[in-house]
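Colleague: In case it helps, TrEMBL gives these features for our protein:
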- D574: active site, proton donor/acceptor (ACT_SITE)
- E369, N524, D574: divalent metal cation binding site (BINDING)
- R464, N466: substrate binding site (BINDING)
- 93-303: domain 'Alpha/beta hydrolase fold-3' (DOMAIN)
- 367-633: domain 'SMP-30/Gluconolactonase/LRE-like region' (DOMAIN)
Amino acid sequence: MPTAVTSPRNPLHPSVLPRLDKQYEAFYNKYMANAPMIQELPWDPAVRSSPAVPGGAPALPVSKTEDIELDGFSIRVFYPTDLPTSGDAPIFVWYHGGGMVLGGINAENPFCTRVANSAKCVVVTVDYRMAPEYKFPVGHEDAWTAFEWVYKNGKERLGVDVGRFGIGGSSSGGNLAAFVSQRAGVQGIPIQFMVLGVPVCDNTATADTYKSWNVNRHCPGLPDAKMLWYRDQYIPNAEDLSNPIASPLFGSDEAFKSSVNKVFIALAELDLLRSEGEAYSEKLKSFGKEVDCRTYPGVPHAVQAMDGVLDMARKWIKDMCTYVAVQFGRHPADVAMEDLYPDNVEVDVPQIEGGGPWLRLKTPMVLGEAPIYRAEDSTLHYVDCLKEPAELHILKLDPTTGEAQDGQPRIIQLEESVTVQFFRENKPGYICAYFAGVAFLDEETGKLEILKEIIPQDERSIRRFNDGGVDVMGRFWLAEIDRKALSLGMGRLPEDYGEPLGRLWRYDPDGSLHLMEKGLVCGNGLAWSPDNKIMYLNDSAAGLVFAYDFDIPTGSLSNKRLFIDRRDLGGEPDGMVVSVEGDLYIAMWASSRVMVYSPEGKHLKDIKFTARNMACTSWGGPNYDTLYIASATDKRPNKNPEDDGGHLFKYHVGVKGLPKYKFKG
């Protein structure tokens with residue numbers, strides 16, 4: 001007998017499917033479609049012991065948590081791993097969501113830990129009393145009591161600076177935060193800013209009054225029947241629905257004028273509540289408030305709670321954490337996705353353990369760069385370009401196994417800092433980029449024969465050379481760094497900085513020099529596709545990888561396009577190589593990873609290592625299917641003391657790589 005096919009209990013509505021985020025759709029169909037909705041079950045308060053929505057990421061470690069009992073309810077305090085070195089920490093009060101019915105002291109704790117650590121602030125979450133046991137306005141009065149207690153007792157009891165005070169909440173918690181902001185304003189209590197996610201702003205809302213209540217009425221997470229059930233549990237009396245306490249959109253002019261001046265509002269495109277959130281944003285703006293209102297595409301109401309399974313949820317939370325951090329004086333680039341989600345930045349990208357150093361050097365490199373493998377004598381050549389003086393390392397490998405044959409490399413001190421070098425065809429030594437131009441480098445002595453000084457002496461404080469490549473016709477490409485822009489760090493270039501100073505040059509075997517590209521912060525990782533018709537170029541500190549159409553006979557570039565964008569996700573694309581299948585293996589600085597991308601730009605997998613700063617990759621070994629990776633020492637004051645930066649790593653891919661061409665001059 002064939003097995004009967006049963007339909008899910010709550011399938012996705014046909015009107016939703018064309019608009020829905022594909023990660024959400026897959027997770028919902030697998031884990032949520034057969035679950036009953038809260039309004040379909042007899043009420044049982046035990047349901048609060050489980051997350052209202054599955055798919056959340058775990059909490060991050062913080063230095064301390066503390067539960068404090070107030071009048072009939074409690075608050076939980078999160079202290080960040082790193083408190084400010086001087087002065088008291090700022091304070092952020094958060095109200096969890098759940099329709100005024102679900103949630104509790106453990107609700108949204110993972111979000112609170114991420115805010116605390118990224119903004120270096122103390123976070124308080126409020127375990128306000130909920131329906132159906134406690135009706136309107138009990139939850140609102142608890143929200144105010146908690147806020148007032150923190151304001152009056154925060155300095156002495158929590159050690160915080162109540163002069164730097166932010167509040168926020170999600171869904172029904174956003175409703176509570178908006179109410180608190182208005183009451184605090186009327187009473188003259190200053191709040192620095194407010195952060196709201198999918199807030200309930202109008203408890204009178206219907207499909208007749210708001211577009212999203214019509215077009216999103218069947219969306220998962222919060223269909224209209226579920227929202228009306230929540231509303232009935234907490235506000236059973238219809239006359240209370242328009243009370244400004246329950247519906248902050250109806251607050252008085254005085255309440256809006258005096259309320260918080262800076263507001264971040266995150267809305268979900270497929271949320272029932274989106275339109276009322278937009279209306280609240282516009283009303284705040286009409287009173288001169290500075291509002292950053294963002295709508296996140298393809299996701300329904302409960303997106304914030306699903307950061308374990310949705311990339312869009314992670315972007316949402318990073319944006320919120322960044323807003324809080326900036327209000328408390330940090331730079332946006334201080335909030336890194338890698339710190340918020342250290343196990344895997346992107347949800348669906350497999351994480352493969354690459355392990356520790358393959359070769360632990362006697363003295364760790366400052367910045368290991370430019371590994372290249374020579375099959376003729378089974379040697380690996382690379383440089384430590386920032387050591388004083390710079391060094392060339394030559395490591396003998398076993399031609400059968402690819403393992404280090406002599407234990408440690410032969411080290412040659414260099415006259416100038418060489419940042420990248422390639423073998424010459426049928427001639428000894430290398431062509432290289434030194435800090436100011438192009439040279440031949442003697443493999444035995446480390447002496448340079450300067451071929452072309454490109455960066456004059458008076459510009460060496462603003463530019464230097466970095467990475468390069470040799471194309472299929474034997475031409476040498478070399479890319480510059482804008483020293484000042486690089487020193488600011490990824491994501492920290494001021495808007496008024498102007499065009500970065502880094503350039504890309506091509507040096508031909510006939511000695512001619514050609515300017516090929518401008519506007520780079522940190523030119524890096526040149527590589528070509530297997531057919532040599534596409535050239536890839538990384539701008540590391542900008543977090544970008546570009547692709548160009550490459551004309552083989554002339555070496556000209558055209559059709560520049562953005563191929564990979566890491567600005568939100570973190571990791572700086574450094575040295576890279578390409579496999580015979582066309583996949584890019586990119587050493588991703590500040591991420592402990594080599595990231596693998598398909599020729600179409602899809603992120604395929606990450607290989608994780610025990611050094612934060614993976615700098616440059618090379619194919620090698622007897623079958624040319626092994627990655628050799630140079631790394632750099634982590635110079636940050638708060639670095640992991642067990643970081644293995646400055647040593648060599650190896651990973652057997654099992655897929656052959658494209659050889660690095662030799663210079664034909």
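Just so you know, glycine gets a Cβ as well, placed from its N, Cα and C.
Keep in mind it's a predicted model, so treat the numbers as computed, not measured.
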Colleague: Near N466 (substrate binding site), which residues of its chain come within a Cβ-Cβ distance under 8 Å, counting only those 6 or more away in sequence?
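Modeller: For N466 (substrate binding site), the qualifying residues are T419, V420, A433, A479, E480, I481, C522, G523, N524.
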Colleague: With every protein chain in view, what's the tally of Cβ atoms within 10 Å of the Cβ of D574 (active site, proton donor/acceptor), excluding that atom itself?
Modeller: 30
Colleague: What is the one among the binding-site residues E369, R464 whose Cβ has the most other Cβ atoms less than or equal to 10 Å away?
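Modeller: Ranked by Cβ atoms within 10 Å, first place goes to E369.
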Colleague: In whole Å, how far does the CA atom of R464 (substrate binding site) lie from that of the residue listed as 'active site, proton donor/acceptor'?
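Modeller: For R464 (substrate binding site) versus the residue listed as 'active site, proton donor/acceptor', the Cα atoms are 16 Å apart.
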Colleague: Report, in whole Å, the straight Cα-to-Cα distance of D574 (active site, proton donor/acceptor) from E369 (divalent metal cation binding site).
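Modeller: That separation, Cα to Cα, works out to 10 Å.
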Colleague: Counting every protein chain present, what is the number of Cβ atoms, excluding its own, within 10 Å of the Cβ of N524 (divalent metal cation binding site)?
Modeller: 31
Colleague: Setting E369, N524, D574 aside, what same-chain residues sit with their Cβ within 8 Å of the center of the Cβ atoms that define the divalent metal cation site, listed in sequence order?
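Modeller: The surrounding set, listed in chain order, is A370, N466, D467, G525, N538, S540, G575, A587, W589, A615, C616.
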Colleague: Please compute the mean pLDDT of the model over the domain 'Alpha/beta hydrolase fold-3' (93-303).
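Modeller: Here the mean pLDDT over the domain 'Alpha/beta hydrolase fold-3' (93-303) amounts to 97.
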